[in-house]
């Protein structure tokens, strides 16, 4: 029986327990060649104990060998986007393997009508300005509305004046009507009451003078009552004096209207002054009634005609609007016509009073 000596070389094909022929691979395959050098120290291979990818590192690590990673910033030669399309700088690409996502170009157009900014990449800004076009259209539309409002006011005013002129002519030149009015004073008081009620309703109630057809009904009743009162007053004067007063009133009102259209003076800021003058004129009229006389009547009538002539210019400019400080809304066509009608009626009464006082 042969005994194995550990210090002696082993026989061919025999190896101690736990050892294996280096020329024989695992599980009976060929072994690795002896003396193969390992990875030298300092080579760019995979170092031992290298940690994985750092947390938050986008894409591949910077020093990784093989396929280069996608850069974290823009490629060389491509300018970094400076438009306000990406808030907070360029987009960060998601980490991981595979093709990076396709990023759309920044959205540079801001949908605002009044913002002027240069276009992208050195271009020029947009020539269109929707806001200016809108303002021009608005101005044109406002002028058109104001012109239609003026035409409506003067159309209503002409109808009122025609009704009033008819009553004045009838009561002045038709003797039976003239005599009937003088004998039946109760009709005069009824007309006076209707005139006061309708005037207060249209002056104080916005719904009455704006809501159609109620506003036209009240204005028609007021015009009938006022025309009857003027006819009753005109029946006390001679026919030629009445026609002279009508002609003078027409000439004065036409001239004042043209002046109000053309003048650069703004009378709309004189409302407070005119109100004070009207109160003074009212007090002076009461004094003239208590102390009657030709001179005081002429002074009172002249001041009244002057005051309501200024009122006619004031109300005309309120109706015109535009460059004037104050104006009437286009919805107040009944109120505007009422103001002009009262101004013309008062001018007619004061001119007729002046003519009558001068003739005794």
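Each residue's number is its place along the chain shown, starting with 1.
Glycine is no exception: its Cβ is also placed from the backbone N, Cα and C atoms.
What TrEMBL annotates here:
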- 15-25: compositional bias 'Low complexity' (COMPBIAS)
- 33-70: compositional bias 'Low complexity' (COMPBIAS)
- 71-90: compositional bias 'Pro residues' (COMPBIAS)
- 91-100: compositional bias 'Low complexity' (COMPBIAS)
- 1-101: region 'Disordered' (REGION)
- 153-174: transmembrane segment (TRANSMEM)
- 186-204: transmembrane segment (TRANSMEM)
- 216-235: transmembrane segment (TRANSMEM)
- 241-261: transmembrane segment (TRANSMEM)
- 273-291: transmembrane segment (TRANSMEM)
- 297-314: transmembrane segment (TRANSMEM)
- 334-357: transmembrane segment (TRANSMEM)
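Most Cβ pairs under 8 Å with the transmembrane segment (216-235) belong to 334-357, among the candidate stretches 241-261, 297-314, 334-357.
Using a cut-off of 8 Å between Cβ atoms, the transmembrane segment (153-174) and the transmembrane segment (297-314) share fewer than three residue pairs, counting only pairs 6 or more apart in sequence. Sequence-distant contacts of the transmembrane segment (334-357) (same chain, six or more residues past either end, CB-CB distance under 8 Å): 149, 153, 156-157, 160-161, 164, 199, 202-203, 209-210, 215-216, 219, 222-223, 226, 230, 233-234, 237, 241-242, 244-246, 248-249, 252-253, 294, 297-298, 300-302, 304-305, 308-309, 311-312, 315-316, 318-319, 328. When Cβ distances are compared across the two stretches, the transmembrane segment (297-314) makes contact with the transmembrane segment (241-261), since 3 or more pairs at least 6 residues apart fall below 8 angstroms.
Same-chain neighbours of the transmembrane segment (273-291): 297, 300, 303-304, 307, 310-311, 314, counting only residues six or more beyond its ends whose CB sits under 8 Å from a CB of the stretch.
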